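Structure first, commentary second.
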DNA sequence: AATCCAATCTACCGATGCGTAAAGTAGGGC
DNA sequence: GCCCTACTTTACGCATCGGTAGATTGGATT
């Protein structure tokens, strides 16, 4: 019936094969998500058979974890290198350089970014993903602490905020109707984020906080529409 | 062997049953994610048998979509109500009220927020989830456009940024080591975000943008560690 | 050129989980 | 009290998919 075992395509060094598998896995996982992607998909994308994927990439969990780690490591290295390579810059500029490296990684390695950021934080890899994102937040916190002259613990919530803002802006760039074009998109995006975020961070340093008008204080917000008011919600 | 069919628990109106099923589904999906949760889990959580879950909730896909829509509708309604209920407020205050309602929904209905925001944007529900998040961004854009006196299209990227920042801050609050305590957490979180974001947005209105130091312009950033991975992957 | 090893393929197994069918039971309106 | 129907339990069909076994072949070495 079927000829058994077609010619083996080529004999390649294990490192090359492993990188092929990892590249394919990143691409497939970024497009379909962890659960949506099958190992057959990865094999097909890599141009290999499934046993080779298992030989070089391990189980599906191990393979996904390897994708996560490789891409996170790349992103962290590039941001760190950008922020620290020229210590003559002032901290604010270094923060901008770090952000630019972040967006540069996003725009040039979209699949890797997607694997890291658009995956579910619920489910089996929640801890893994949160830990990796935490390292990125920590790096942002270090830059901000230096730039603002504040202790890291004080800026930590704002580091989360800044990273979230970067992710949101990236979302706009990736899905927007008329994204910024050109090779210097990272420059533009980093500038936009600095423009939107820096004045607030700077105000934070001097202790100025936003306060609501007096007549709004103490009001507990709208109860209607949130807390189980209607006995039955007849939506649809 | 012994299909003894234990007592039917109770005869309830279809709407009540449907809400039970939806509540259970939101809880289970938020804890385990779409793929991690099984329909048996939903049935167990609802205290019902699996056929009843299918009778009232439809297929797993339909059930998840219904969860998404109900929670998104609630969130949108509460934010809109908060921002528009008192038109005597100035736009900036209305933005703060909207943010506070957002965080109020987060802190009081954590499961619903998780279903909406911590699910994968890759995979089969990507379009659905992105559309719902887009409506939230549109609402933020409307508030910001009014508050800043700018056209909606101009503030759209910053609306994405603000929503991402809110999500990042929420992440910190949910997973942080020492989250803000008390019932007025939403007040505190909204205040933190306004403090961090408003000065930048205000600067935006007056056209002031952040610019890098002159000697950094035009540098293309670190190529090392980011660029082109491999010449291989000869797919398609 | 003959040989051997490892790389590769095809084909398969078993588990998981969605969705449904069959059969029995009880609440509640008449 | 009777019947209808909502509800329960149990079991199963079927598809998908992770993971593996055995057959097969390329290519470096001698």
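Yeah, the Cβs are placed from backbone N, Cα and C, and that goes for glycine too.
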Which residue range, B:18-37, B:38-57, is the one TrEMBL calls DNA-binding region?
B:38-57
Region 'Disordered' per TrEMBL - which of B:173-204, B:205-236
B:205-236
Reported mean pLDDT - the domain 'HTH tetR-type' (B:15-75):
92
